[in-house]
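Working notes, beginning with the structure itself.
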Amino acid sequence: MSGITHVSLPIHYQHITHKSNTFITTNPIQFLPFPNATTTNQNFPLLCFSANPLSSQNQSPLVVVGSANADIYLEIDRLPKEGETISAKTGQTLAGGKGANQATCAAKLSYPTYFVGQVGEDAHGKLITDALQNGGVCLDHLNTVGSAPTGHAVVMLQSDGQNSIIIVGGANMNCWPDTLPDGDLEVVRNAGIVLLQREIPDSVNIQVAKAARSAGVPVIMDAGGMDAAIPQELLNFVDILSPNETELGNLTGMPTESFEEITQATVKCHKLGVKQVLVKFGAKGSALFIEGEEPIQQPAIPAKTVLDTTGAGDTFTAAFAVALVEGKSKKEALRFAAAAASLCVQVKGAIPSMPDRKSVLDLLNYR
């Protein structure tokens, strides 16, 4: 399998109208090389931007196929010990899930975005639907099922901003048809790029990835969401695999404590057929490992305050995909993603923390 070397703007984008609402495409702001940037002066941005709009008819949408959860947030001082009961300082329920997070992030970054997923016929399903609509995501392919509850997660948020999460799959993992509807697969084939995660069945991801490959649409898969090994049949159709350090270690069975160890672990991924591996290091930044090339490293952009890291990885992945599908270099895409993630951790909640495009561009231009 050959990895993608660049992403151009396909011309087969077809506008789709929802029965109850109209999806409006917002023209993104273009990235342009910063004319006077140097590698030695880090006070200047690596990128500058123009507000010249691109024609929406030349934009193929970003399509996210994945999970939608109601995130039940519990703010605690520390994790409970075995057999211990502790009190949470506060609790609230917000829309989340890796798929919904990534879709909302892409839409808030002013790129036309479709979400393919499932929710239950319950209050949590309405919470998620409202959040996605408010974020600008097209929901023509969001299915409501009556035989499973909406997926939900318990997010234990500690005072230092770190979190631990327990997921209940619900409609994300159940009630999917054996074969996806033609309409869902058609929007995948008409995409500019497709994002997958592992909070839905592998069988669904395989169908989507195959459909994307048949149409020449690149696939980025976030490795988070499931502990089980990734089926080889799925890896065969993934262009960029995006784990964090822990997920990379779990997938390869190799240590990932140092950059050298991470590099060796990505080599194993290359041997499995994935030619590009985008590893997220959290506060230490990220790196893209392309088979046969030197890694492209991106330091984290420091946040003023870290309130909640929930959704930061999803923000990074979605922002990277947006920049890539707009035709930016991988180095530019990594920096754009780092800026988006830096803004994300400064706000509590996953979807509420997703930054808009102007905020990301402002951060990049003032660095």
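Just so it is clear, glycine is given a Cβ too, placed from its N, Cα and C backbone atoms.
Just so you know, TrEMBL annotations are computer predictions that nobody has curated.
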Can you find which of Asn244, Asn250 TrEMBL lists as binding ATP at the same site as Lys280, Phe281, Gly282, Ala283, Lys284, Gly285, Gly313, Asp314? Asn244
Which one is it: of the binding-site residues Gly285, Gly349, which Cβ has the fewest other Cβ atoms within 10 Å in this structure? Gly285
How big is the gap, in Å, between the Cα of Thr310 (K(+) binding site) and that of Lys98 (substrate binding site), rounded to a whole number? 10
Taking the Cβ of Glu199 (substrate binding site) as the reference point, list residues of the same chain whose Cβ is under 8 angstroms away and which are at least six residues distant in sequence. Gly66, Ser67, Asn69, Gly97, Lys98, Gly99, Gly151, Ile167, Gly169, Asn172, Met173, Gly224, Gly225, Met226
Val347 (K(+) binding site) and Asp314 (ATP binding site), Cα-Cα, nearest whole angstrom: 14
Whole-number Å value of the largest CA-CA distance among Asn69, Ala70, Asp71, Gly97, Lys98, Gly99, Ala100, Asn101, Glu199, Asp314, listed as substrate-binding: 16
Same chain only, sequence gap of 6 or more: which residues have a CB within under 8 Å of the CB of Val347 (K(+) binding site)? Leu307, Asp308, Ser353
Let me make sure I understand the span of the ATP site: among Asn244, Lys280, Phe281, Gly282, Ala283, Lys284, Gly285, Gly313, Asp314, what is the greatest distance between any two Cα atoms, in Å? 16
